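Student: These came from TrEMBL, pasted as-is:
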type	residues	note
DOMAIN	A:87-301	domain 'ABC transmembrane type-1'
TRANSMEM	A:28-49	transmembrane segment
TRANSMEM	A:92-112	transmembrane segment
TRANSMEM	A:124-145	transmembrane segment
TRANSMEM	A:188-209	transmembrane segment
TRANSMEM	A:221-242	transmembrane segment
TRANSMEM	A:284-305	transmembrane segment
Amino acid sequence: MAGIEVTAPARATRPADLIGRILENRHALGVLMVTPALLILAIFLAYPFGLGVWLGFTNATIGQAGHFVGLGNFRYLLGDSVFRLVVLNTTLYAAAAVVCKLLLGLLLALLVNREFRGKRIVRAIMLLPWIVPTSLSALVFYWIYDPTFSVITWTLRRIGLAHGFINYLGDPNLARASLIAANIWRGIPFFAIGLLAGLQTVSTTLYEAAEIDGAGPWQKFWFVTWPLLLPLTVVVTVFSTIMTVGDFQLIWIITRGGPANATHLFGTLAYQRAIQGGFIGEGAAISAFVLPVLVAAVLVSFHYLRRE
Amino acid sequence: MQPEDRERTAGGLTRRRFLQAGVAGLTGLALSSVNGWLKQAAAQLPPGSYNPQLQLSFPVEPGASLRILRWSQFVSTDQPEYERMAQQFTRRTGVPVRLEYEAWPDVQPKAAAAANVGAGPDIVLGFFDEPHLWPDKLVPVTDLAEYLGRKYGGWFPVAPQYGYSNQVGQWIGVPIGAPGSCLNYRMSWVKEAGFDPDPASFPKTTDEFLRLCRALKTRGHPTGFALGKAVGDANTWCHWLLWTFGAHAVAPDSKTITLNTPETVNALEYGRQLFETMIPGVAGWLDPNNNRAFLAGEVALTNNGISIYFAAKNDFPEIAADMNHAVYPQGSAGRPTELHLFSQAYVFKYTKYPNAAKEFLRFMMEDPQYPRWINAMLGYVSHPLRVFNNLAVWRSDPKAVPFRDAVARMLPHSYQGTPGPKSARALSEFVIVDMVADALTGRRSVREAILAAEARLKRIYEA
């Protein structure tokens, strides 16, 4: 901007003219327009993010700023059996939930992409699990999985398929499966709606051409729909992975990471250690461990977004 | 002052507040009888230990106002009474008081944020180690604590362990009391099992207790003790189990881990036998589960505060009539070794009105305010000062009596060490609960469970 002033003729020194010139300059105007957004990003995203990463390298506790400890927290965590369990839990949780959500979401999208009566209503209803506040649906699942009052157990007992109680949240593997199921229920609409939008952009002429060439339903899907849907699928999957890995509410309300840490994810363990236990440095380090995975996911999605 | 502020100010009774109080149930009815108790209570404080001639007051700063963060009520009669007392304080001192409430496990994160940024509530009513997480950020309250102790017959032993900071060499918290945990049982089923349902005859030893639990189970009435991440219920009974067999996690130096001993093995082996009498699903139980299972008649025996009884009195009178409370039995330790949710108040140094804050706490802890509040809570919180043994609430309903001495019977959760950041961390990570859960459910052998917990504790205490 300094250059503008130097090259400006004498009459431009009048303030109104100067502002006019700046506004007419494409580069200056661009910077000016982007600045508020950049400031918001810097204050509300970059700063907390940077602070979070920095805290991971300190031994800060609640009440004490702490000092730099290098990779101490990370080294400690790698040797910590609970943290290693959490890595396993999160991987399993995200992988199982995302794959199921993708398959079921795709199926649902294909179904509601057909013409039928009440299509709009069905599409609206489909969104419900996504719209309901997570904490509310988590509470519902908390009741569904109640060892004593579970509606599933009650039904099974009524029709004679089960006799005792089912230990949904008491057995580690069953607890993991229960939470994954709850996450799938909540996440299907995200895939379904995203993929439905993609399906509607596929031109019908392509299907007609395929039919003329003698393609059956499966071939139409595999050779027409799927290749066109793939970039969007990748993006939706990446977004969902990020959200699933960072899940907190479902876990915190239904099990708080129990039984015996079998359902702790990065987010819940970080909260437990940083806020409840007071070891902010270690909690930040736990969160920072997810970073490389998420950055990789973001890069993948960028790649596909560009291609699109 | 903003309307929202006025709404929350304890100094004024707004229409909405009045309606809230009405909606809260039979609050008014309960409180009118509380007033009667109050007069009795004041008259019956033991003269030997009560020293009413002692007086203390802190000169309130001009223009002072207070923001107080406390746990939200466990029983619906708590907050109205507390607010009434706060209004009374405002009338006397001219200090406006603003009360903020958080569910009790969420007080600590809020207080932590306040401690970190140096702004927030002037006074916090929190739990367990909280003051010891930021001792240098708190206003010392030694004068107040010592005064209260002298005037009201002395603190129970656990109170100074929680209130006094060795690091600072001062009291940093004013003990408020503890929501006590007792055994809740169905009298008819205990009788059916061949035991006397009277709390005075309830099994006093762990062996006899196990016999009762087995007899209940064989008659189709299992027991139920939370083994999930139940902050209150799981921690209280799992620590009792450990301590009553003479085991403990850490030595008095708060450094040496002392978990790997034959006593711990005994505790867990006993726990395994007890586990066989429990209803399936306890491994996933959080705090509300046992309340529901007990009220639904699915379990005959569990550990809980007085809240089940309170709920039963309102909604399930037949269960309220058939249930009773007893203190935990004793194992080889041969003395009470209980854990209760100990609450204390602390004042942040960033407050502009430390004297007003101390004056508020003094006012609330003194007779007749404190007895009135405890009576209003119908026994949910047990007192930390000896003289309050004789409160009306402890005589009004025999079923509340086992909760009376909860603070007298308890050990700090940091036992044998002192409260501080490390014991806070061990508690927040459920190290003891997870060990007990692992061993009892058979996920790990007793030995493996102890070793895993020991490794975890070593990392925490030796970090």
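Along the chain as shown, residues are numbered 1 onward.
Cβ atoms are placed via backbone N, Cα and C, with glycine included.
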Student: Under 8 angstroms for C-beta pairs, at least 3 of them, ignoring pairs fewer than 6 apart in sequence. Is the transmembrane segment (A:188-209) in contact with the transmembrane segment (A:284-305) by that rule?
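Tutor: Between the transmembrane segment (A:188-209) and the transmembrane segment (A:284-305), contact is absent.
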Student: Thinking of Cβ pairs under 8 Å, which stretch from A:28-49, A:124-145, A:221-242, A:284-305 has the most of them with the transmembrane segment (A:92-112)?
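Tutor: Per the Cβ count, the answer is A:221-242.
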Student: When you scan the chain for residues with a C-beta under 8 Å from the transmembrane segment (A:221-242), skipping those not six or more beyond its ends, what do you find?
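Tutor: 94, 98, 101-102, 106, 110, 187, 190-191, 194-195, 197-199, 201-202, 206-207, 210, 215, 294, 297-298, 300-301, 304-305, 307-308.
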